[in-house]
């Protein structure tokens, strides 16, 4: 392997408009797309805007779309492309663009705030929490999330329908609801907050049609659909569509 | 600059009609003309899915309405079991009850197929498959949908997808009956035990896949243990959940395998019953 | 001159990593209105890179652990240069800080009894690191982030506005601390997205900006680590200490070149990974220094037994403090026993079954698979030292985290100095963030309260803001080719990216892991010339999200801290912890009694003074405070004689 010159098309512009600009740039052994963007900055386009931080797939900053697919720039190796291939980089297309490859991701922070936080259990002080590994395992998987928002970007519910942003939290934050609902010590229920039914009533779980793009795109390989969204749908069904469960709870409550 | 509620300089234009730029072409998004920039063959997978499902629909419609050639002792087609109309071919010891009287003149398969059909229609995997393959919602990841409005499963009729678990309960019963049928396939045409023909193996393979698919269902996973908050307090259910989770990870493969096996089993019975093929007998 | 948005807050925290968020939570819970400013998006701070765990002597795995043992380990790790009071507070309070995280929703890995699991790490006598696989930093940041959201939800319920008492200003950079006389009066900065300037007025400012690693070429640090807080403190008149001590993490990736420096967590070794050279030898057995001879295994067999039976065996030398391991790797490579790409081999594949590796080190498995095409369950990794952490930082009061000499300025986390002495133990960073982040937030809040009560809220004067704005805009005028009087000598505009690369190369080559007087003099020489050129750093385009401009501004900070590192390193004629000199290889007990303090040469805080080649940093020596006797009594006399002078011992 040796250095070669690759053809890149990078979207440049802002809210007022923009377009794909062509670049020819050197590529070396073992490099990732983010390296190429940095080389463009250092040699051809010093004001090319891009977000990045750790460059190791741990912070989830450098989300963009490469050849039309949402990716982390730092985890997209150049070796997956043919040398002759034109590589197109655009900003995330589900969010308002700020400049070049940088988008306004405030949608996600707004949604994060709408999910009621962890409710600590009554009567347990710091240091008194006892939880077993099998009980924390499910929520731990969801807490691997690096908040790159690629799932939020790829999800057609908001990507293709701006008006749904109002009522749909997106995979990342529905997963957060699932995480809290599966947290072994979350005491939301004791305070009258039913995370299962609010998932559907307030966070738009019903919009999800489980087409799994969020799972496909997740750089942390979290099984968002199978382990978070579908279980959450089932939990909502327990509350809202299952007379057997309803009856069972009724009887049990009476028995107590 | 703050996390969230600061008003944006430009508020996104709401897409109120099909003609206004919407979705990825909303005014606030990066101005990129195409509805996607994918350079791979993204259409291949939904096309294969759609073709596969379509082929099955054609085949099963033909066979379900045929009302014939579904019993070749000791084998019964899974499309026709249990057989609950008077016009059923009598099956020796089989799941053959005349619950529906003589007034039912159509194929008896229609009475029973509604359950496996409902189970598969509301199945989380098949939903994905036909939403993508038939409805293009979405056609593929990061490829724009060809419609102006989307409400997902929030409204009638798609909100009915939430009743998947009931179909699961019925599917368990149906699988139980098909298991019984498979056991009966170990008798010969005179009702003596100890028979095994190629048909027995076909039914055996089919029922194994049916069970694997049924048990790998997301609703099953939920009922078995997924709904628990504390696995540590329910060690048995936790183990079951782990086991079902393992199957669940292959739900898609099992969905296809069992779809094919059920068609194959039916077709085999059809071949034998119509006399086109003689069931090879091992013992 | 420039229209600047102004807001008033009680406490402003610069940095939204572990320390900054913990400080903000504390200040808000003390009833103060608190603003947090961070260069990246909220939740992306460098803390997420921390992998191994949080050191806290909870004693969940080995009940013999307690704060005294943790204190001892910390002092040994820092070669007794640590500020003893900080090390004491840190060891005492770390468990509470970890438990507190659980009440905010953190989910650590568990022991069979349902307690927080703890793992072994270099330099820690017992398993002590609370962890979540190898992504503990992410868990820490997410938990703090979610706690902040939860406080904002409370504020929303109470006031109707999420941001009435606690607000995150994300993607904003502070370029100056502004003052009213001696006192802090607020901060001046710009919003990266729009390029607009803003001023947040506040009587108390907490620096929690992290480290300086981006001044080095091979580093595990992200672009944010440009020494902003160090340099803001200097410019505001506060001194830095211990800047010569830079930790090179022994295990960074070495191949492919584009990922060189990315961290390979110490947990790999804590969980059983071993280091081998190209001859297949576990070379660390040859590098156990005298001070640690009794505490480490002499044979591979003993080291291996330790994982199962730590009470009757000594730990393997792979788990020596980081400085020792980094030097050993460096020496092996120099001796020609390195791996093909200039590192050594770190192997877990022959030590653990693949499933265990994937479970315990998932992100390492992923990182090597994705970035280097190496399957760590089947083959060894190639690793080498990478710049990781700066022990030096703002000189602070141990109890209050208040910076020396500048009322209203506080510092916590990596930007604060003293806690880790000459070398930080793995896992002590996350606990440091929490312990001193909380203390900084608490005391900043109290200070702001007192300031409000006294009715003398400091106000920044306009002239300072105008100067700050002019300084930030200089890169644009440099491009225009019309140097103002402050723009330094005329010459062609310089590319900030080129300057940055030259700076990184110089620091890496000349003030790196092994240092020599001549090389450091050369470094100072080069820094002086870079400084002159940096004043001509010019940028294209406009102010909206312009990375070239951002880098041009950050260069000022990197040059300042690099000079501190080089000057202090040249001055300290011994080897200790993160400072190793080829020409002075021995540790000198006399030097333990001395801290090197860096201050700005121009006490007015300006950088406009003509550069005469003497640099911008003035160095002074300061005696370290004597260690409290009851703490000294925690050590055996035999051990103390290795570190303390006879005079100190007789006192």
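For all residues, glycine too, the Cβ spot is worked out from N, Cα and C.
Just so you know, TrEMBL annotations are computer predictions that nobody has curated.
Here TrEMBL gives transmembrane segment for one range in the set B:166-187, B:232-253: that range is B:166-187. Between the listed ranges B:20-39, B:80-99, B:100-119, TrEMBL ties the annotation transmembrane segment to B:100-119. The transmembrane segment (B:254-273) makes no contact with the transmembrane segment (B:166-187), as judged by fewer than three Cβ pairs under 8 Å among residues 6 or more apart in sequence. For the transmembrane segment (B:193-213), the list of distant contacts is 72, 74-75, 78, 175, 178-179, 181-182, 185-187, 247, 251, 254-255, 257-258, 261-262, 264-265, 268-269, 272, 279-283: same-chain residues at least six beyond its ends, Cβ to Cβ under 8 Å.
Same-chain residues lying 6+ beyond the ends of the transmembrane segment (B:166-187) with a Cβ under 8 Å from its Cβ atoms: 74-76, 78, 81-82, 93-95, 112, 115-116, 118-119, 122, 193-197, 199-200, 203-204, 206-207, 210-211, 214, 217, 219-220, 223.
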